[in-house]
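Peer 1: Below are the features I grabbed from TrEMBL:
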type     : residues           : note
ACT_SITE : 168                : active site, proton acceptor
BINDING  : 176, 179, 227, 230 : Zn(2+) binding site
DOMAIN   : 41-319             : domain 'Deacetylase sirtuin-type'
Ligand SMILES: [Zn+2]
């Protein structure tokens with residue numbers, strides 16, 4: 001074999017293996033995105049008996065207090081942390097942002113905002129599902145006295161709810177950590193657009209709360225905008241893990257629970273104390289509790305009615 005033909009063989013082999021690698025990568029990333037798109041937990045439809053019990057429960061209440069959680073929104077397609085098999089904890093090693101990390105570290109803030117910048121358009125476009133819409137309608141016709149949600153996605157507001165406490169804040173607002181001024185998240189998005197015209201990164205997957213997964217090295221050149229008024233650092237106006245819900249909010253919701261005559265838990269395992277405390281309060285007051293959630297909750301033992309089914313399936317069946 002001449003020297004020339006050996007080079008040809010080497011070239012051919014390297015082209016073949018590169019194509020093979022490309023095909024493998026494409027196959028692998030398709031598999032991954034298919035997996036990551038399944039955020040909705042599976043469940044059997046509710047039984048007629050269960051639905052009848054819930055209708056009865058709701059019709060007897062004059063001051064119904066609703067507490068909702070991530071399960072309400074996963075059915076819109078929004079990923080959550082704790083859903084069995086499909087939640088963030090079940091499918092990745094990613095950890096949610098901790099309050100102290102965000103407040104203390106400029107690097108952590110940069111990672112957070114770079115990822116949120118890429119995740120925002122998709123997050124902002126989520127629409128309320130049948131359960132959000134029905135719960136908002138139940139407020140309008142007087143069947144729901146007050147709704148407290150642990151979700152930060154603003155979907156109950158989009159559905160038209162007004163008698164509403166967003167316990168952990170809302171992603172659509174940004175707060176300055178220096179002057180406490182509030183900013184619309186879409187305005188900040190425009191500031192990020194302007195500062196990052198030449199920046200891009202490949203999105204490898206989606207997490208809860210507008211988070212996306214990107215390569216660490218892609219974050220380096222991202223530029224984080226500051227407060228338009230004072231130049232301070234910006235934070236989404238939500239309660240991160242490791243932070244406390246503002247006391248005034250807790251006091252207000254507690255006063256509502258004091259006066260309510262029934263509690264309806266929708267789409268929450270009540271794993272987090274910030275919401276669970278209202279359920280223990282209601283239980284101590286002897287207020288009856290109904291729960292709609294896929295899987296066990298911490299309050300199943302207190303519940304007069306428990307339906308283990310998807311919120312949308314249940315609320316479509318409530319007239
Ligand atoms: Zn400021």
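Note that Cβ sites are derived from N, Cα and C of the backbone, with glycine treated the same way.
Explain the structural surroundings of these features, please.
Peer 2: Taking a C-beta cut-off of under 8 angstroms and a sequence separation of 6 or more, residue 168 (active site, proton acceptor) has the following same-chain neighbours: 150, 151, 152, 238, 239, 245, 274.
The Cβ neighbour count for residue 227 (Zn(2+) binding site), using a 10 Å radius and every protein chain shown, is 20.
Confidence annotation: the domain 'Deacetylase sirtuin-type' (41-319) carries a mean pLDDT of 93 in the model.
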Peer 1: Sorted by position, what residues of the same chain at least six away from residue 176 (Zn(2+) binding site) have a C-beta under 8 A from it?
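Peer 2: The answer is 182, 183, 227, 229, 230, 232, 233, 234, 235.
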Peer 1: Taking a cut-off of under 6 Å between Cβ and any atom of ligand 1, tell me which of the recorded positions 168, 179, 227 pass.
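Peer 2: Only 179, 227 meet the Cβ criterion.
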Peer 1: Around residue 230 (Zn(2+) binding site), how many other CB atoms lie within 10 A of its CB?
Peer 2: 11
Peer 1: List, in sequence order, the residues of the same chain other than 176, 179, 227, 230 whose Cβ lies within 8 Å of the centroid of the Cβ atoms of the recorded Zn(2+) site.
Peer 2: 177, 178, 180, 181, 226, 228, 229, 231, 232, 234
Peer 1: Hey, does DSSP put residue 168 (active site, proton acceptor) in a helix, a strand, or just coil?
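Peer 2: Coil, per DSSP.
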